[in-house]
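Q: The structure that follows is given in the form of structure tokens.
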Amino acid sequence: MSLFDWFADRRKGQFVGKVSQETEESDGLWVKCPECGQVVYRKDLHANASVCSNCGYHHRIDSDERIVLIADQGSFKSLDRNLSPTDPLGFKDRRAYADRLRESQASTGMKDGVVTGLCQVEGMPMAMAVMDFRFMGGSMGSVVGEKITRLVERATAQGLPLLIVCASGGARMQEGMLSLMQMAKISGALERHREAELLYMPLLTHPTTGGVTASFAMLGDLILAEPKALIGFAGRRVIEQTLREKLPDNFQTAEYLQEHGFVDTIVPRTQLRKTLASLLLLHGCKAKKAAGK
């Protein structure tokens, strides 16, 4: 076994097993819930925001589905859609980074792993970024960082509240230091947004890990999370081996983080839009008046 193979095997077990075990059947009329085993009619699952009606398990959804659930119908206006990543390091492990990018772009129809734009929630304007785990595990490279930074800067300039839906394995190793510097770049933009006394809310979904957790995911005025989402920096196995202690079964879950003060509230997906609207109202946001009124 080569050094790379050894490292890859170790990395596979770095995070809680649920992430890899929750793969769902993507074709057909029925979906089996990985939490309770219930077989659900796909249309019924989608009608319930992809939440299992039997156990409440939140199935993973893509960025398009997320936008439909949050934004007023027809209100989302995408920004920087044509920004596309390059391969500045000529990186290659088992496969070339350029090949991985092309594969992810073909399978998702996206240029990179985040969609950014402006929208309304019950008539109230808001800037929103939605990370998509389908694209290379939602990893944060230079384009993801640039798009989020541009969105934060636009929100600051226009006096808008900001929501970032996080779903990521962390910084994209194929871009090396260029990916790591996005942590500081986004954090700096968020600090200027905070200085303008504007609301920022990250929504932590399953999973939110690595460099994303270590930067903008934890810098919100109000930190929201979906039920049972995996949230952490290093993986469970790494922490246990470092501390030489057994960690609690619910360690790195949204519920554990809320109990220890790292998450403000856990919001079921079916209640998210209503909750966001209430929080926007609470922070003084007002609905736009219809034209001619």
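Including glycine, each Cβ sits where the backbone N, Cα and C put it.
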Q: Identify the zinc finger range according to Swiss-Prot, selecting from 33-55, 125-147, 171-193, 263-285.
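A: Based on what Swiss-Prot states, zinc finger spans 33-55.
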Q: Helix, strand or coil: which one is C36 (Zn(2+) binding site) in, per DSSP?
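A: Once the DSSP labels are grouped into three classes, C36 (Zn(2+) binding site) ends up as coil.
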Q: For the recorded Zn(2+) site, whose residues are C33, C36, C52, C55, find every other residue on that chain with a C-beta no more than 8 angstroms from the centre of their C-beta atoms, and list them by sequence position.
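A: Once C33, C36, C52, C55 are set aside, the remaining close residues are P34, E35, G37, Q38, V40, S53, N54, G56, Y57.
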